[in-house]
Amino acid sequence: MAKIINVIGREIMDSRGNPTVEAEVHLEGGFIGMAAAPSGASTGSREALELRDGDKSRYLGKGVLTAVANVNGPIRAALIGKDATAQAELDQIMIDLDGTENKDKLGANAILAVSLAAAKAAAAFKGMPLYAHIAELNGTPGQYAMPVPMMNILNGGEHADNNVDIQEFMVQPVGAKNFREALRMGAEIFHTLKKVLHGKGLSTSVGDEGGFAPNLSSNADALAVIKEAVELAGYKLGTDVTLALDCAASEFYKDGKYDLSGEGKVFDSNGFSDFLKSLTEQYPIVSIEDGLDESDWDGWAYQTKIMGDKIQLVGDDLFVTNTKILTRGIENGIANSILIKFNQIGSLTETLAAIRMAKAAGYTAVISHRSGETEDSTIADLAVGTAAGQIKTGSLCRSDRVAKYNQLLRIEEQLGEKAPYRGLKEIKGQA
(Lines of atoms letter the chains of each structure in order from A and count residues from 1; the text may use other names and numbers.)
(Lines give C-alpha, C1' and ligand atoms only; values in the text may rest on other atoms or scores of the structure.)
Protein backbone atom coordinates (compact mmCIF):
# COMPACT_ATOMS: atom_id res chain seq x y z
CA MET A 1 0.00 0.00 0.00
CA ALA A 2 1.16 3.52 -0.89
CA LYS A 3 0.59 4.75 2.67
CA ILE A 4 0.47 8.53 3.18
CA ILE A 5 2.65 9.52 6.13
CA ASN A 6 2.69 13.31 5.72
CA VAL A 7 0.98 16.16 3.87
CA ILE A 8 2.63 19.59 3.74
CA GLY A 9 1.22 22.87 2.44
CA ARG A 10 3.06 26.11 1.77
CA GLU A 11 2.53 29.52 0.19
CA ILE A 12 4.54 30.03 -3.02
CA MET A 13 4.43 32.61 -5.83
CA ASP A 14 2.67 32.32 -9.18
CA SER A 15 3.65 33.87 -12.51
CA ARG A 16 1.79 37.10 -11.75
CA GLY A 17 3.57 37.63 -8.42
CA ASN A 18 0.56 36.49 -6.40
CA PRO A 19 0.66 33.75 -3.75
CA THR A 20 -0.69 30.28 -4.46
CA VAL A 21 -0.80 26.94 -2.65
CA GLU A 22 1.84 24.25 -3.09
CA ALA A 23 1.42 20.84 -1.47
CA GLU A 24 3.62 17.82 -0.85
CA VAL A 25 2.36 14.30 -0.17
CA HIS A 26 4.89 11.92 1.43
CA LEU A 27 4.51 8.13 1.36
CA GLU A 28 6.16 5.28 3.20
CA GLY A 29 9.33 4.30 1.37
CA GLY A 30 10.36 7.89 0.68
CA PHE A 31 8.07 8.60 -2.28
CA ILE A 32 7.06 12.27 -2.58
CA GLY A 33 4.69 14.15 -4.86
CA MET A 34 4.58 17.95 -5.11
CA ALA A 35 2.09 20.16 -6.97
CA ALA A 36 0.86 23.77 -7.07
CA ALA A 37 -2.56 25.26 -7.78
CA PRO A 38 -2.88 27.75 -10.68
CA SER A 39 -5.08 30.87 -10.67
CA GLY A 40 -7.32 32.49 -13.30
CA ALA A 41 -7.93 36.13 -14.35
CA SER A 42 -11.14 35.83 -16.37
CA THR A 43 -13.08 33.43 -14.17
CA GLY A 44 -16.50 31.85 -14.55
CA SER A 45 -18.96 32.77 -11.80
CA ARG A 46 -19.61 29.08 -11.05
CA GLU A 47 -15.98 28.05 -10.56
CA ALA A 48 -14.89 26.33 -7.37
CA LEU A 49 -13.64 28.91 -4.88
CA GLU A 50 -10.00 29.91 -4.71
CA LEU A 51 -9.58 30.73 -1.02
CA ARG A 52 -7.73 34.02 -0.40
CA ASP A 53 -7.03 35.53 3.02
CA GLY A 54 -8.40 39.00 2.30
CA ASP A 55 -5.86 40.52 4.71
CA LYS A 56 -4.93 43.76 2.93
CA SER A 57 -1.71 44.05 4.96
CA ARG A 58 -0.30 40.94 3.22
CA TYR A 59 0.01 40.65 -0.57
CA LEU A 60 -2.84 43.19 -0.97
CA GLY A 61 -5.30 40.66 0.41
CA LYS A 62 -4.23 37.84 -1.92
CA GLY A 63 -2.38 35.69 0.62
CA VAL A 64 -3.31 32.00 0.91
CA LEU A 65 -2.25 31.23 4.49
CA THR A 66 -5.80 30.09 5.37
CA ALA A 67 -5.78 27.58 2.51
CA VAL A 68 -2.27 26.45 3.49
CA ALA A 69 -3.43 25.99 7.10
CA ASN A 70 -6.27 23.82 5.77
CA VAL A 71 -3.70 21.61 4.01
CA ASN A 72 -1.50 21.34 7.11
CA GLY A 73 -4.47 20.87 9.45
CA PRO A 74 -7.75 19.13 8.54
CA ILE A 75 -6.69 17.79 5.12
CA ARG A 76 -3.46 16.31 6.50
CA ALA A 77 -5.32 14.73 9.43
CA ALA A 78 -7.92 13.18 7.11
CA LEU A 79 -5.40 11.68 4.66
CA ILE A 80 -2.68 10.30 6.96
CA GLY A 81 -2.62 6.51 6.66
CA LYS A 82 -4.64 6.46 3.43
CA ASP A 83 -3.57 4.83 0.14
CA ALA A 84 -2.27 7.42 -2.33
CA THR A 85 -3.14 5.18 -5.29
CA ALA A 86 -6.84 5.38 -4.35
CA GLN A 87 -7.24 8.80 -5.97
CA ALA A 88 -11.05 8.85 -6.09
CA GLU A 89 -11.25 7.96 -2.40
CA LEU A 90 -8.75 10.67 -1.40
CA ASP A 91 -10.55 13.32 -3.42
CA GLN A 92 -13.92 12.30 -1.99
CA ILE A 93 -12.55 12.51 1.56
CA MET A 94 -11.48 16.12 0.89
CA ILE A 95 -14.76 17.00 -0.86
CA ASP A 96 -16.76 15.59 2.07
CA LEU A 97 -14.50 17.33 4.58
CA ASP A 98 -15.18 20.63 2.82
CA GLY A 99 -18.91 19.93 2.57
CA THR A 100 -19.78 22.86 0.28
CA GLU A 101 -20.87 22.94 -3.36
CA ASN A 102 -17.94 25.10 -4.49
CA LYS A 103 -15.22 24.11 -2.00
CA ASP A 104 -15.34 27.48 -0.24
CA LYS A 105 -14.60 26.07 3.22
CA LEU A 106 -11.19 24.47 2.58
CA GLY A 107 -10.55 26.19 -0.77
CA ALA A 108 -10.31 24.58 -4.20
CA ASN A 109 -6.68 25.74 -4.28
CA ALA A 110 -5.91 23.70 -1.13
CA ILE A 111 -7.81 20.58 -2.25
CA LEU A 112 -6.42 20.65 -5.80
CA ALA A 113 -2.77 21.05 -4.76
CA VAL A 114 -3.09 18.00 -2.47
CA SER A 115 -5.06 16.02 -5.07
CA LEU A 116 -2.36 16.50 -7.71
CA ALA A 117 0.51 15.96 -5.25
CA ALA A 118 -1.08 12.65 -4.20
CA ALA A 119 -1.28 11.55 -7.85
CA LYS A 120 2.40 12.36 -8.34
CA ALA A 121 3.38 10.49 -5.17
CA ALA A 122 1.31 7.48 -6.29
CA ALA A 123 2.98 7.50 -9.72
CA ALA A 124 6.40 7.52 -8.02
CA PHE A 125 5.30 4.62 -5.79
CA LYS A 126 4.18 2.64 -8.84
CA GLY A 127 7.43 3.45 -10.64
CA MET A 128 5.66 4.97 -13.62
CA PRO A 129 5.45 8.40 -15.24
CA LEU A 130 2.56 10.62 -14.14
CA TYR A 131 0.86 10.42 -17.56
CA ALA A 132 0.78 6.60 -17.30
CA HIS A 133 -0.73 6.74 -13.81
CA ILE A 134 -3.34 9.25 -15.03
CA ALA A 135 -4.24 6.94 -17.93
CA GLU A 136 -4.83 4.14 -15.41
CA LEU A 137 -6.94 6.39 -13.17
CA ASN A 138 -8.92 7.37 -16.28
CA GLY A 139 -9.65 3.73 -17.12
CA THR A 140 -7.67 4.02 -20.36
CA PRO A 141 -4.29 2.43 -19.55
CA GLY A 142 -1.71 2.72 -22.31
CA GLN A 143 -3.90 4.97 -24.48
CA TYR A 144 -1.97 8.14 -25.24
CA ALA A 145 -1.92 11.04 -27.70
CA MET A 146 0.28 14.10 -28.05
CA PRO A 147 -1.89 17.22 -27.96
CA VAL A 148 -2.20 19.83 -30.69
CA PRO A 149 -1.13 23.06 -28.97
CA MET A 150 -3.30 26.20 -29.14
CA MET A 151 -0.55 28.79 -28.88
CA ASN A 152 -1.72 32.13 -27.56
CA ILE A 153 0.58 34.47 -29.47
CA LEU A 154 -1.55 37.63 -29.39
CA ASN A 155 -3.46 38.82 -26.33
CA GLY A 156 -6.29 41.23 -25.62
CA GLY A 157 -9.10 41.43 -23.08
CA GLU A 158 -8.32 40.61 -19.45
CA HIS A 159 -4.86 39.26 -20.34
CA ALA A 160 -3.48 42.51 -21.71
CA ASP A 161 -3.61 46.27 -21.29
CA ASN A 162 -4.66 47.22 -24.83
CA ASN A 163 -7.75 47.96 -26.92
CA VAL A 164 -8.30 44.50 -28.41
CA ASP A 165 -11.52 42.96 -27.04
CA ILE A 166 -11.02 39.28 -27.90
CA GLN A 167 -8.82 37.78 -25.20
CA GLU A 168 -6.69 35.28 -27.12
CA PHE A 169 -5.64 34.79 -30.72
CA MET A 170 -4.01 31.39 -31.10
CA VAL A 171 -2.17 29.39 -33.76
CA GLN A 172 -2.43 25.60 -34.03
CA PRO A 173 0.39 23.88 -35.98
CA VAL A 174 -1.95 21.16 -37.32
CA GLY A 175 0.28 20.25 -40.26
CA ALA A 176 3.17 19.07 -38.07
CA LYS A 177 4.21 15.39 -38.10
CA ASN A 178 4.79 15.29 -34.36
CA PHE A 179 4.66 17.51 -31.28
CA ARG A 180 8.33 18.46 -31.51
CA GLU A 181 7.78 19.85 -35.00
CA ALA A 182 4.57 21.60 -33.91
CA LEU A 183 6.48 23.38 -31.14
CA ARG A 184 9.19 24.50 -33.56
CA MET A 185 6.57 25.85 -35.99
CA GLY A 186 4.87 27.78 -33.19
CA ALA A 187 8.17 29.25 -31.98
CA GLU A 188 9.14 30.36 -35.49
CA ILE A 189 5.75 32.05 -35.97
CA PHE A 190 6.04 33.71 -32.55
CA HIS A 191 9.46 35.20 -33.34
CA THR A 192 8.32 36.25 -36.82
CA LEU A 193 5.26 37.96 -35.31
CA LYS A 194 7.59 39.95 -33.06
CA LYS A 195 9.44 41.21 -36.15
CA VAL A 196 6.17 42.05 -37.93
CA LEU A 197 4.87 44.04 -34.95
CA HIS A 198 8.21 45.79 -34.47
CA GLY A 199 8.24 46.73 -38.16
CA LYS A 200 4.83 48.37 -37.77
CA GLY A 201 6.01 50.34 -34.74
CA LEU A 202 3.77 48.31 -32.43
CA SER A 203 4.51 47.16 -28.89
CA THR A 204 6.19 43.79 -28.42
CA SER A 205 5.60 43.59 -24.68
CA VAL A 206 3.79 40.43 -23.62
CA GLY A 207 0.65 39.65 -21.63
CA ASP A 208 0.13 37.21 -18.75
CA GLU A 209 0.39 34.15 -21.01
CA GLY A 210 3.38 35.30 -23.05
CA GLY A 211 1.52 36.55 -26.12
CA PHE A 212 2.13 39.99 -27.58
CA ALA A 213 -0.29 42.73 -26.60
CA PRO A 214 -0.08 45.50 -29.22
CA ASN A 215 -2.58 48.34 -29.55
CA LEU A 216 -4.36 47.32 -32.74
CA SER A 217 -7.43 49.09 -34.06
CA SER A 218 -9.64 45.99 -34.33
CA ASN A 219 -9.86 42.26 -33.78
CA ALA A 220 -9.63 41.78 -37.57
CA ASP A 221 -6.29 43.63 -37.49
CA ALA A 222 -5.03 41.10 -34.94
CA LEU A 223 -5.92 38.25 -37.32
CA ALA A 224 -4.27 40.09 -40.21
CA VAL A 225 -0.91 40.50 -38.44
CA ILE A 226 -0.94 36.83 -37.42
CA LYS A 227 -1.65 35.82 -41.04
CA GLU A 228 1.29 37.96 -42.15
CA ALA A 229 3.58 36.34 -39.56
CA VAL A 230 2.51 32.78 -40.43
CA GLU A 231 3.20 33.35 -44.13
CA LEU A 232 6.47 35.21 -43.49
CA ALA A 233 7.62 32.26 -41.35
CA GLY A 234 7.12 30.05 -44.41
CA TYR A 235 3.86 28.32 -43.49
CA LYS A 236 0.51 28.07 -45.22
CA LEU A 237 -2.47 29.31 -43.24
CA GLY A 238 -5.29 26.77 -43.28
CA THR A 239 -3.01 23.83 -44.13
CA ASP A 240 0.08 23.98 -41.92
CA VAL A 241 -1.47 26.27 -39.34
CA THR A 242 -5.05 27.01 -38.27
CA LEU A 243 -6.34 29.73 -35.96
CA ALA A 244 -8.33 29.66 -32.73
CA LEU A 245 -9.97 32.40 -30.65
CA ASP A 246 -10.85 32.75 -27.00
CA CYS A 247 -13.37 35.59 -26.88
CA ALA A 248 -13.92 35.42 -23.08
CA ALA A 249 -17.19 37.12 -24.04
CA SER A 250 -18.46 37.30 -20.44
CA GLU A 251 -15.85 40.01 -19.89
CA PHE A 252 -17.54 42.42 -22.36
CA TYR A 253 -21.16 41.32 -21.89
CA LYS A 254 -23.12 44.23 -20.41
CA ASP A 255 -26.90 44.56 -20.02
CA GLY A 256 -27.63 41.80 -22.52
CA LYS A 257 -25.28 43.25 -25.16
CA TYR A 258 -21.74 42.46 -26.32
CA ASP A 259 -19.83 45.74 -26.07
CA LEU A 260 -16.64 45.65 -28.13
CA SER A 261 -15.38 48.99 -26.86
CA GLY A 262 -12.03 48.59 -28.65
CA GLU A 263 -13.90 48.50 -31.97
CA GLY A 264 -16.66 50.87 -30.94
CA LYS A 265 -19.32 48.25 -31.76
CA VAL A 266 -22.20 46.83 -29.73
CA PHE A 267 -23.92 43.56 -30.72
CA ASP A 268 -26.94 41.66 -29.51
CA SER A 269 -26.41 37.95 -28.88
CA ASN A 270 -27.18 36.64 -32.37
CA GLY A 271 -25.40 39.59 -33.93
CA PHE A 272 -22.17 38.75 -32.11
CA SER A 273 -22.41 35.10 -33.22
CA ASP A 274 -22.92 36.33 -36.81
CA PHE A 275 -19.86 38.61 -36.40
CA LEU A 276 -17.75 35.64 -35.25
CA LYS A 277 -19.06 33.52 -38.13
CA SER A 278 -17.98 36.25 -40.57
CA LEU A 279 -14.44 36.08 -39.11
CA THR A 280 -14.37 32.30 -39.71
CA GLU A 281 -15.27 32.96 -43.35
CA GLN A 282 -12.34 35.37 -43.75
CA TYR A 283 -9.72 33.33 -41.87
CA PRO A 284 -9.17 29.60 -41.17
CA ILE A 285 -10.48 29.85 -37.59
CA VAL A 286 -11.39 26.31 -36.51
CA SER A 287 -12.03 26.83 -32.79
CA ILE A 288 -13.84 29.55 -30.79
CA GLU A 289 -13.88 29.48 -27.00
CA ASP A 290 -16.45 31.32 -24.87
CA GLY A 291 -17.96 33.01 -27.91
CA LEU A 292 -20.85 34.18 -25.71
CA ASP A 293 -21.55 34.95 -22.05
CA GLU A 294 -21.78 32.01 -19.66
CA SER A 295 -25.45 32.80 -18.92
CA ASP A 296 -26.54 33.35 -22.54
CA TRP A 297 -27.79 29.81 -23.17
CA ASP A 298 -30.26 30.84 -25.89
CA GLY A 299 -27.43 32.61 -27.67
CA TRP A 300 -25.23 29.52 -27.35
CA ALA A 301 -28.00 27.44 -28.95
CA TYR A 302 -28.02 29.83 -31.93
CA GLN A 303 -24.21 29.90 -32.16
CA THR A 304 -24.07 26.10 -32.08
CA LYS A 305 -26.78 25.94 -34.77
CA ILE A 306 -24.97 28.26 -37.20
CA MET A 307 -21.38 27.10 -36.58
CA GLY A 308 -21.36 23.86 -34.56
CA ASP A 309 -21.11 21.52 -37.55
CA LYS A 310 -17.84 23.03 -38.79
CA ILE A 311 -16.27 25.02 -35.93
CA GLN A 312 -15.15 23.74 -32.53
CA LEU A 313 -17.17 25.75 -29.98
CA VAL A 314 -15.46 25.47 -26.61
CA GLY A 315 -17.20 26.13 -23.30
CA ASP A 316 -14.88 27.47 -20.60
CA ASP A 317 -16.76 29.93 -18.35
CA LEU A 318 -19.85 28.20 -19.77
CA PHE A 319 -19.06 24.74 -18.32
CA VAL A 320 -16.31 25.44 -15.72
CA THR A 321 -15.09 21.79 -15.89
CA ASN A 322 -18.29 20.83 -14.05
CA THR A 323 -20.14 17.62 -15.00
CA LYS A 324 -23.49 18.95 -13.76
CA ILE A 325 -23.31 21.99 -16.04
CA LEU A 326 -21.80 19.97 -18.91
CA THR A 327 -24.71 17.51 -18.66
CA ARG A 328 -27.12 20.40 -19.25
CA GLY A 329 -25.07 21.54 -22.24
CA ILE A 330 -25.01 18.06 -23.78
CA GLU A 331 -28.77 17.58 -23.27
CA ASN A 332 -29.48 20.93 -24.94
CA GLY A 333 -26.93 20.60 -27.75
CA ILE A 334 -24.94 23.60 -26.51
CA ALA A 335 -21.35 23.95 -27.83
CA ASN A 336 -19.36 20.85 -28.85
CA SER A 337 -16.22 21.05 -26.74
CA ILE A 338 -15.20 21.75 -23.14
CA LEU A 339 -12.15 23.52 -21.79
CA ILE A 340 -10.63 21.56 -18.91
CA LYS A 341 -9.11 23.52 -16.02
CA PHE A 342 -8.23 21.60 -12.85
CA ASN A 343 -8.87 24.52 -10.54
CA GLN A 344 -12.35 25.31 -11.87
CA ILE A 345 -13.57 22.11 -10.21
CA GLY A 346 -10.80 21.50 -7.67
CA SER A 347 -9.73 17.84 -7.85
CA LEU A 348 -8.15 15.37 -10.27
CA THR A 349 -11.02 12.85 -9.99
CA GLU A 350 -13.66 15.43 -10.92
CA THR A 351 -11.46 16.68 -13.77
CA LEU A 352 -11.17 13.17 -15.23
CA ALA A 353 -14.94 12.70 -14.90
CA ALA A 354 -15.55 15.85 -16.98
CA ILE A 355 -13.14 14.66 -19.70
CA ARG A 356 -14.79 11.22 -19.87
CA MET A 357 -18.29 12.72 -19.99
CA ALA A 358 -17.32 15.09 -22.81
CA LYS A 359 -15.72 12.35 -24.89
CA ALA A 360 -18.67 9.98 -24.37
CA ALA A 361 -21.00 12.68 -25.74
CA GLY A 362 -18.82 13.33 -28.79
CA TYR A 363 -17.46 16.60 -27.41
CA THR A 364 -13.74 17.34 -27.50
CA ALA A 365 -11.82 18.21 -24.32
CA VAL A 366 -9.12 20.90 -24.44
CA ILE A 367 -6.71 20.79 -21.49
CA SER A 368 -5.83 24.28 -20.27
CA HIS A 369 -3.52 26.29 -18.06
CA ARG A 370 -4.62 29.47 -16.22
CA SER A 371 -3.23 32.97 -16.68
CA GLY A 372 -1.63 32.70 -13.22
CA GLU A 373 0.67 29.65 -13.45
CA THR A 374 3.74 28.13 -11.80
CA GLU A 375 6.50 25.82 -12.99
CA ASP A 376 4.15 22.88 -12.28
CA SER A 377 3.67 20.93 -15.54
CA THR A 378 0.94 18.46 -14.49
CA ILE A 379 -1.38 19.55 -17.32
CA ALA A 380 1.11 18.18 -19.86
CA ASP A 381 0.79 14.72 -18.30
CA LEU A 382 -2.99 15.13 -18.07
CA ALA A 383 -3.24 15.92 -21.79
CA VAL A 384 -1.20 12.87 -22.82
CA GLY A 385 -2.61 10.51 -20.17
CA THR A 386 -6.23 11.18 -21.17
CA ALA A 387 -5.41 11.34 -24.92
CA ALA A 388 -7.34 14.62 -24.90
CA GLY A 389 -5.73 15.69 -28.16
CA GLN A 390 -5.51 19.46 -27.52
CA ILE A 391 -3.77 21.72 -25.01
CA LYS A 392 -3.77 25.44 -24.26
CA THR A 393 -0.71 26.49 -22.36
CA GLY A 394 0.18 29.93 -23.61
CA SER A 395 2.79 31.40 -25.88
CA LEU A 396 6.39 30.53 -26.65
CA CYS A 397 7.96 32.61 -23.91
CA ARG A 398 7.72 32.88 -20.09
CA SER A 399 9.09 29.84 -18.30
CA ASP A 400 5.73 29.17 -16.59
CA ARG A 401 4.32 28.42 -20.08
CA VAL A 402 7.39 26.81 -21.63
CA ALA A 403 7.64 24.37 -18.67
CA LYS A 404 4.55 22.57 -20.02
CA TYR A 405 5.88 22.45 -23.59
CA ASN A 406 9.21 21.09 -22.36
CA GLN A 407 7.45 18.35 -20.38
CA LEU A 408 5.50 17.40 -23.52
CA LEU A 409 8.80 17.13 -25.43
CA ARG A 410 10.12 14.75 -22.76
CA ILE A 411 6.95 12.66 -22.85
CA GLU A 412 7.00 12.40 -26.65
CA GLU A 413 10.64 11.29 -26.49
CA GLN A 414 9.63 8.51 -24.06
CA LEU A 415 6.51 7.34 -25.88
CA GLY A 416 7.41 7.79 -29.54
CA GLU A 417 4.76 6.26 -31.81
CA LYS A 418 2.67 5.13 -28.82
CA ALA A 419 1.50 8.76 -28.56
CA PRO A 420 0.47 9.91 -32.05
CA TYR A 421 0.13 13.58 -33.03
CA ARG A 422 -3.08 13.71 -35.06
CA GLY A 423 -3.20 17.38 -36.03
CA LEU A 424 -6.50 18.63 -37.48
CA LYS A 425 -8.28 15.33 -36.73
CA GLU A 426 -8.31 16.25 -33.02
CA ILE A 427 -10.38 19.40 -33.56
CA LYS A 428 -14.18 19.11 -33.55
CA GLY A 429 -15.73 19.65 -36.97
CA GLN A 430 -12.41 19.20 -38.82
CA ALA A 431 -11.93 15.41 -38.96
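Note: Cβ is positioned from N, Cα and C throughout, glycine not excepted.
Listed features, source Swiss-Prot:
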- Q167, K341, R370, S371, K392: (2R)-2-phosphoglycerate binding site (BINDING)
- E209: active site, proton donor (ACT_SITE)
- D246, E289, D316: Mg(2+) binding site (BINDING)
- K341: active site, proton acceptor (ACT_SITE)
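All features noted in Swiss-Prot, drawn onto the structure.
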residue : record                               : CB count, 10 Å
Q167    : (2R)-2-phosphoglycerate binding site : 27
E209    : active site, proton donor            : 30
D246    : Mg(2+) binding site                  : 27
E289    : Mg(2+) binding site                  : 28
D316    : Mg(2+) binding site                  : 28
K341    : (2R)-2-phosphoglycerate binding site : 26
R370    : (2R)-2-phosphoglycerate binding site : 28
S371    : (2R)-2-phosphoglycerate binding site : 24
K392    : (2R)-2-phosphoglycerate binding site : 30
Nearest recorded site to the residue listed as 'active site, proton donor' by CA-CA distance, among binding-site residues D316, K341, R370, S371, K392: S371
D246 (Mg(2+) binding site) and K392 ((2R)-2-phosphoglycerate binding site), distance between Cα atoms, whole Å: 11
Diameter of the (2R)-2-phosphoglycerate binding set by C-alpha atoms, the set being Q167, K341, R370, S371, K392, in angstrom: 17
Cβ-based neighbourhood (8 Å from the centroid) of the Mg(2+) site, residues D246, E289, D316 excluded: Q167, E168, L245, C247, A248, I288, D290, V314, D317, L339, S368, K392
Length of the line joining the Cα atoms of D246 (Mg(2+) binding site) and K341 ((2R)-2-phosphoglycerate binding site), in Å: 14
DSSP state at Q167 ((2R)-2-phosphoglycerate binding site), helix/strand/coil: coil
